[in-house]
């Protein structure tokens, strides 16, 4: 409404400018200023009410600091507007916080914590201004030096393979250190592959830059990318129509007031939401829902950090539950041959996720004892969540129908493969159904996580480069020598440990980009060709690395949650003490229960 009114005034201004009239000023003076909401008396009355609210909030929360009280109330208001009006990708509170941080000195996702700009490793005054050498600049320099050295040193056999190895190490360092944004590194990969001429034909001849460009770009937009965009479309439609919040609050209203039950309910909801609206949006949604509970807890209550960490860990586990819940799952499916259908994925992932959630819940109960009151006497009381009374609208029924049909088709894709070809084609159904009927608009399409899409595309390009250049053959010989005397389950245990360590310290998606091709090659060399089993295993374990604050988006979001006084709920010790054991537990479940189920479905 505000934007529409602004557009009206803009057109009036242009009209006045062309016709040399005074329509805008007359409209504001004779119409707007005379309207009841804009009269001086009404403005004074509203300002008085606002000042009273700020004063009361300051006495109750900020120890009389009116400036801090007003700032926090504005942040809460912005957060509420973002929740009510935006789609899932813009509604994430982090976006609003980051915008506030750039203008007002507030850190992303915080409440009112004032953060000074990073000083840098080196701060030098120059005629053009002060130059700050930051840690990311150092990592960029180190990565570049390593890249140049590897280009000029014969590390592996074959010119194309050697250059591709340099590109692989360069991209890995940039991804691991985030010296530049992750998606920028991904876009750098095809440029380097083509310019360095690492792409070869099936006959082993080096392709020209023109042919290499066509090959790389043709591979980057794969059915996996279409499946990713289809997943974003479903998530955005569920959020924009309010179906996600309606279902989640209805489930949570049944949880009661016992801390342990509420904790398990939120973990289940976080995991389930991650299956359908991704493990990027799900924790943000849940963190918004728990704010009324957190504000009623006594100070220093252990239930608050326990609940926040539980939601993050459950969202990570939810990232392995369905093929569209996280990019690493789609990357894994993209490397499978034949591709795994949704029914087979659910047959393994759902029991594994359920067992992991219950075990992590027990771990948190033992570690935090969240029901205990801060003074050690009695138990805390949890404010119940009321069930919504809203009825489903026609639009919500339409969205639910399309989502269910799409998911059903994904589950039986193998049976209808002659008609649809790939799951990526099925992913077009919700895109057409929602955008053609007005459920989603152009703005919603623009707000998809395109950085994740380009990240996946860069990973696909790197994988094709490793295969085409002959580097994969070199790794093949090395891998064959390492596993030639190993049994299948020994390989599973070794690979599980490697994937867990890597995914703990770098992005889960990047871990899958690097490790899934290796798992595929290892599996193809084992007796009986178990490449799909190891790819599936790698994809699942990429979601279990959650021992650090930087281990995946759910952990990053949880690490920045603050109370009304600007104090962080979680510290690094919380993640090390609980996240590391949770990671080990979840990995062990995949390597045992998951392995048995994979063998049972024929992998």
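Each Cβ is built from the backbone N, Cα and C atoms, and glycine gets one as well.
A TrEMBL annotation is a machine prediction, not a hand-curated record.
Annotation source TrEMBL lists domain 'Citrate transporter-like' at 173-526. Look at TrEMBL and you will find 138-156, 168-196, 216-238, 262-290, 302-322, 342-366, 397-416, 422-440, 447-466, 486-519, 531-550, 579-598 tagged as transmembrane segment.
Counting C-beta pairs under 8 angstroms (sequence separation of 6 or more), the transmembrane segment (342-366) fails to reach the transmembrane segment (486-519), with fewer than 3 such pairs. Among residues of the same chain six or more beyond the transmembrane segment (447-466), those with a C-beta under 8 A of the stretch's C-beta atoms are 86-87, 89-90, 164, 167-168, 171, 181-183, 185-190, 193, 198-199, 215-216, 219-222, 224-225, 228-229, 232-233, 236, 280, 327, 330-331, 334-335, 472, 475, 509-510, 512-513, 516-517. Spatially, the transmembrane segment (579-598) is adjacent to the transmembrane segment (302-322); three or more Cβ-Cβ distances between them are under 8 Å for residues at least 6 apart in sequence.
Non-local neighbours of the transmembrane segment (216-238) in the same chain are 87-89, 190, 193-194, 199, 244, 276-278, 281, 323-324, 327, 330-331, 333-334, 399, 402-403, 406, 422-431, 434-435, 439-440, 444, 447-449, 452-453, 456-458, 460-461, 464-465; each lies 6+ residues outside the stretch with a CB under 8 Å from one of its CB atoms. Here the transmembrane segment (168-196) has long-range neighbours at 136-137, 139-140, 142-144, 146-147, 150-151, 209, 212-213, 216-217, 220, 450-452, 454-459, 461-462, 465-466, 471, 505-507, 509-510, 513-514, meaning same-chain residues at least 6 beyond its ends whose C-beta is under 8 angstroms from one of its own.
Taken together, the residues of the domain 'Citrate transporter-like' (173-526) have an average pLDDT of 83. Between the transmembrane segment (397-416) and the stretches 302-322, 422-440, 486-519, 531-550, Cβ pairs under 8 Å are most numerous for 422-440.
Across 422-440, 486-519, 531-550, stretch 531-550 shows the highest tally of CB pairs under 8 A with the transmembrane segment (302-322). Cβ atoms under 8 Å from those of the transmembrane segment (531-550) belong to residues 279, 312-313, 316-317, 319-320, 326, 328-329, 331-333, 335-338, 340, 345, 348-349, 352, 356, 491-492, 495-496, 499-505, 508-509, 511-512, 515-516, 519-524, 556, 558-559, 570, 572, 575-576, 579-580, 582-583, 586-587, 590-591, 594-595, 598-599, 603 of the same chain, restricted to positions at least 6 beyond its ends.
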